[in-house]
Amino acid sequence: MIKKERMKVLNHKELAPSIFELTLQGELVSEMNQPGQFVQVKTTEGTEPLLRRPISISSYNRSENQFTMIYRAEGKGTTLLSQRKEAEAVDILGPLGNGFPVHEAKQGETALLVGGGIGVPPLYQLSQMLVAKGVTVIHVLGFQTKSAIFYEKEFSELGDTYIATVDGSYGTKGFVTTVIDNLEQEFATIFSCGPTPMLRALESGYREKKLFLSLEERMGCGIGACFACVCHTGDDPTGFSYKKVCSDGPVFRAGEVVL
Amino acid sequence: MSRLSVELPGLHLKNPVMPASGCFGFGREYSQFFDLDILGAIMIKATTPEPRFGNPTPRVAETSSGMLNAIGLQNPGLEKVISEELAWLSRYDVPIIANVAGSQIDDYVKVASEISKAGNVKALELNISCPNVKEGGIAFGTVPEVAKEVTKAVKEVSSVPVYVKLSPNVSNIVDMAKAVEDGGADGLTMINTLVGMRLDLKTGKPILSNRTGGLSGPAIKPVALRMIYEVSQQVSIPIIGMGGIATAEDVIEFFYAGASAVAVGTANFVDPFVCPTIIEELPKLLDELGFDHISECTGRSWKQNETVTNNRS
């Protein structure tokens, strides 16, 4: 069930330039039950910016009633959010959307988790849950440059972790696909979140795998009412059928929607 | 009788608060947050004869205290709206106002004649003011004679009263209002969105794929109030006011300007509970302001006796 709650800031810190990790506490966490869902954050008490900001949940702990999100302070709203201090309240609507299908990776199998930039965070909860059920995980995480990297250590504790940077300042120079093309390990399933060009590259390059993509789109309401974030479906690419990224996704099976 | 109840052509409203068309889908999403029965009415998303996918994304952009949208009248088409959406809504005891859209008069006539026969549709809202479709839509809402003609044609076939949604993107809103009143409109809803634009700082190009979009939210409230103030003094049909309403105080201000009921739009996107919150707060606000019934507020800004009282005091 989706709830609206003023949640308490437990911890708020800058992980990398403009990349913030925010941990909030409240009852709403009890509704979180899958990795890859998101929340809509009201970044100000006033009307500017007016709309909430969709931010993915990077991890949650139901017994402690806490969840963490990692976001980039880029525009007006996220910059305002980045100024919130411990013990202050943040107006949260969530959890929203459908997350990654953990059940698609079976015990003993290997899953590849591919993240690009600010698409990396939701893979963290996913990785923890996969490892907990006995799935071997491999992480391939892409960033612009060395200073933008975050959570390398956290992911490394869960499984093999490969980093790609566009400028080559750390790890493999290039994109996540450069790393994946040279991977020696076998994997059955890919879970991915990141910029659309990255998702397209995965969809065209790894058709034979079980592939799940988490999409990003400008949203209005985040609950499926405003029709801002619709996309065409794979079986009717120019017709009238559609999926809403916010309430039907944000995670889709490859081919389900047109990227 | 409840101090919030309002009687309008075709509409027995338990309170004057309803979600605005395009901001509430067909109600399903919001039914997970509250019982839709508490609403005065529901203005459902615009319906066209055939299904429409709408515009490519990005379809929304933010502006100071507002938002731009260019959804493009996405809807499943007349047949499915009746057989699926209106059928689903019939479980609720709430009057539905069906927003009727099209690109030619025949479209409006077709949708109006069929959708007005659905049992829970108690009134139509004639959408001649959508700024986001290339053909039709707003063209009907900016030329008084054309607006009158489409109103007349729809009135002839509709089984329920017809409210016409006015566009603020005109040089003289009173002329438009009078024209549709002449055409037989039972009421007005106003205002639709204002045409606006935002540009991307890096590319220099419009953020919206449609280039322009409709501005809504608190930013347009003063425009809506001014237009309702002007129109309500010049027509004898009731007005359902809308444009940036987010609080009970906003509702009272719209009544003062001349509205008899109100619709809440963009605020639903910010706070899904905004309509129930406003409905709950209105009686307290009436107490504070010293009104027995909300209808006492209608037109207070311009009513003669109020002016006289003020002059004496």
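Positions of Cβ are set from backbone N, Cα and C atoms, glycine also.
Under the heading active site, nucleophile, TrEMBL lists B:C130. As annotated by TrEMBL, FMN binding site applies to B:S21, B:K45, B:A46, B:N99, B:N127, B:K165, B:I191, B:G217, B:G243, B:G244, B:G265, B:T266. Under the heading substrate binding site, TrEMBL lists B:K45, B:N69, B:A70, B:I71, B:G72, B:L73, B:N127, B:N192, B:T193. Annotated domain 'Dihydroorotate dehydrogenase catalytic' per TrEMBL: B:4-286, in sequence order.
Note on the binding-site residues B:K45, B:G72, B:G243: the fewest other CB atoms within 10 A surround the CB of B:G72.
For B:N127 (FMN binding site) paired with B:K45 (substrate binding site), the C-alpha to C-alpha distance reads 10 Å.
Of the recorded residues, B:S21 (FMN binding site) and B:K45 (substrate binding site) place their C-alpha atoms 5 Å from one another. Cβ-based neighbour count (10 Å, all protein chains) for B:T193 (substrate binding site) stands at 28.
Taking B:I191, B:G243, B:G265 as the binding-site residues under consideration, the smallest Cα distance to B:K45 (substrate binding site) is found for B:G265.
In the three-state DSSP scheme, B:K45 (substrate binding site) falls into the strand class. The binding-site residues near B:C130 (active site, nucleophile), taking a 10 angstroms Cα-Cα threshold over the set B:G72, B:G243, B:G265, are B:G72. On a Cα basis, B:A70 (substrate binding site) lies 16 Å away from B:G243 (FMN binding site). Of all the binding-site residues listed here (B:S21, B:N127), the one with the fewest other CB atoms within 10 A of its own CB is B:S21.
The domain 'Dihydroorotate dehydrogenase catalytic' (B:4-286) scores a mean pLDDT of 96 in the predicted structure.
Cα to Cα, B:A70 (substrate binding site) and B:I191 (FMN binding site) are separated by 16 Å.
B:I191 (FMN binding site) falls outside any helix or strand according to DSSP and counts as coil. In the three-state DSSP scheme, B:N127 (FMN binding site) is classed as strand.
Cα of B:T193 (substrate binding site) to Cα of B:G265 (FMN binding site): a distance of 10 Å.
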